[in-house]
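A.B. asks: If you scroll down you'll find the structure; I have some questions about it.
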Amino acid sequence: MEREKVVLAYSGGLDTSVAIKWLMQKYSLDVITLTVDIGQGIDLNEIKNKAENLGVEKAYVLDLREEFIKDYIIPAIKSNAMYERVYPLATALSRPLIAKYLVKVAKENGAKYVAHGCTGKGNDQVRIDLGVKALAPDLEIIAPVREWNFSREEEIEYAIENNIPIPVSRKNPYSIDENLWGRSIEGGILEDPWQEPPEDIYLWTKLENKEPSYIEITFEKGIPVKLNGVEKDLVGLIEELNKIAGSYGIGRIDHIENRLVGIKSREIYEAPAALVIIKAHEALEDLVLPRELAHFKRMLEDKYAELVYYGLWFDPFREALQAFMDKTQERVTGKVKIKLIPWSFSIVGRDSPYSLYDHSLATYDKGSTFSTESAVGFIKLFGLQNYLYALKGGKNA
């Protein structure tokens with residue numbers, strides 16, 4: 001009798017490596033692995049070979065970097081998406097894409113199940129489960145880590161007993177997730193919010209340059225298209241900016257985060273390009289968007305980031321907000337100058353053909369065209385409701 005199939009989102013790390021053997025032993029399933037390239041910067045063929053050596057039926061490796069950029073990172077840039085105004089959502093943005101291809105590979109192979117290595121405490125379980133169910137309600141989801149309740153130590157023991165090669169040891173107990181948009185590090189000493197993260201956990205943000213320098217990012221309709229005047233595809237631009245900003249130690253985030261499941265967690269991120277691009281994009285929007293639109297957009301950005309963080313990428317609310325965000329970007333074209341110094345950066349210049357900044361109106365020097373005489377009438381009308389309220393006794397009525 002032919003065994004049922006399961007498609008496992010496979011990273012090559014501890015959880016999913018253990019999950020391959022566990023799914024075979026516990027559920028008697030034929031395992032198909034799916035590994036996606038979203039800019040991890042590692043040899044994915046090695047991961048494919050590892051999966052095959054563990055006895056999987058098929059091992060898929062898909063290069064999804066362009067799709068990740070086009071359909072997930074660009075919408076996030078347009079929305080200045082930062083959960084709790086701190087975290088640029090690198091991991092959260094990748095999960096709906098992974099869910100999409102879990103469904104696709106499952107359908108192609110007639111699999112009844114999909115599986116992932118998310119824990120029962122984290123946000124990723126929600127993101128992938130909701131993504132899969134939004135696209136294929138008929139598929140069943142197995143989350144081995146939620147079921148087996150292994151501690152990190154017990155997982156390592158299981159791997160050793162089953163001859164599973166893993167990149168984690170008792171001396172290096174970190175769980176790392178990485179893509180083009182950012183890198184996250186969890187576990188070990190980092191779980192103590194009082195302890196300073198050891199320097200050796202950082203890979204992208206090491207202080208190598210101490211002399212200040214300037215970079216320039218050019219945007220077209222909200223999308224970065226040039227770095228220092230040189231046109232680049234966004235994959236290349238992000239990769240180069242990660243290196244440039246990261247060499248100043250820029251991009252480290254140490255954050256107490258409110259997880260969707262109700263707990264607080266200590267999260268360490270590296271996101272040099274993401275932080276610089278979003279701040280530059282905000283600065284350009286400040287120059288070209290009318291005040292009311294700019295203010296309202298900032299409010300919606302927080303909700304947008306929450307929806308992405310919560311795993312509601314395919315929700316109609318997120319899609320409706322995206323339509324609004326896209327509309328706001330029609331004039332977000334121009335360039336932004338950024339100064340880089342050790343451990344920090346600042347916006348020091350911005351220019352756009354759609355700039356609403358008018359020097360002749362804004363200047364306090366001689367020659368200003370602003371009509372100060374009009375201010376008296378404006379103030380009277382603007383404050384008319386408060387004036388009438390005060391006449392009727394105001395707060396003392």
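The count begins at 1 with the first shown residue.
Cβ atoms here come from the backbone N, Cα and C positions, even for glycine.
The ATP binding site annotation in Swiss-Prot covers Ala9, Tyr10, Ser11, Gly12, Gly13, Leu14, Asp15, Thr16, Ser17, Gly117. Look at Swiss-Prot and you will find Tyr87, Asn123, Arg127, Ser175, Ser184, Glu257, Tyr269 tagged as L-citrulline binding site. The annotation L-aspartate binding site is assigned in Swiss-Prot to Thr119, Asn123, Asp124 on the grounds of sequence analysis.
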A.B. asks: Return one of helix, strand or coil for Ala9 (ATP binding site), based on DSSP.
C.D. replies: strand
A.B. asks: Which has the fewest other Cβ atoms within 10 Å: Tyr87, Tyr269, the binding-site residues listed?
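C.D. replies: Tyr87, out of the binding-site residues Tyr87, Tyr269, has the fewest neighbouring Cβ atoms within 10 Å.
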A.B. asks: Sort the binding-site residues Ser11, Gly13, Ser17, Thr119, Asp124 by C-alpha distance from Tyr87 (L-citrulline binding site) and give me just the closest.
C.D. replies: Asp124
A.B. asks: Asp124, Glu257: which of these binding-site residues has the sparsest Cβ neighbourhood within 10 Å?
C.D. replies: Glu257
A.B. asks: At the level of the C-alpha atoms, what whole-angstrom distance separates Ser184 (L-citrulline binding site) and Ala9 (ATP binding site)?
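C.D. replies: Between the Cα atoms of Ser184 (L-citrulline binding site) and Ala9 (ATP binding site), the distance comes to 18 Å.
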A.B. asks: In the structure shown, which of the binding-site residues Arg127, Ser175 has the fewest other Cβ atoms within 10 Å?
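C.D. replies: If we count Cβ atoms within 10 Å for the binding-site residues Arg127, Ser175, the smallest count is at Ser175.
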A.B. asks: How big is the gap, in Å, between the Cα of Ser17 (ATP binding site) and that of Ser175 (L-citrulline binding site), rounded to a whole number?
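C.D. replies: With distance taken Cα to Cα, Ser175 (L-citrulline binding site) is 13 Å from Ser17 (ATP binding site).
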A.B. asks: Which residues of the same chain, at least 6 positions away in sequence, have a Cβ lying under 8 Å from the Cβ of Thr119 (L-aspartate binding site)?
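C.D. replies: For Thr119 (L-aspartate binding site), the qualifying residues are Asp15, Gln125, Val145, Arg146.
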A.B. asks: By the DSSP assignment reduced to helix, strand and coil, which category contains Ser17 (ATP binding site)?
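C.D. replies: DSSP call for Ser17 (ATP binding site): helix.
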A.B. asks: Restricting the comparison to the binding-site residues Asn123, Arg127, Ser175, Glu257, which residue's C-alpha is spatially nearest the C-alpha of Ala9 (ATP binding site)?
C.D. replies: Arg127
A.B. asks: Taking the Cα of Gly13 (ATP binding site) as the centre, which of the binding-site residues listed as Asn123, Asp124, Arg127, Glu257, Tyr269 lie within 10 Å of it?
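C.D. replies: Checking Cα-Cα distances against Gly13 (ATP binding site), none of the binding-site residues falls within 10 Å.
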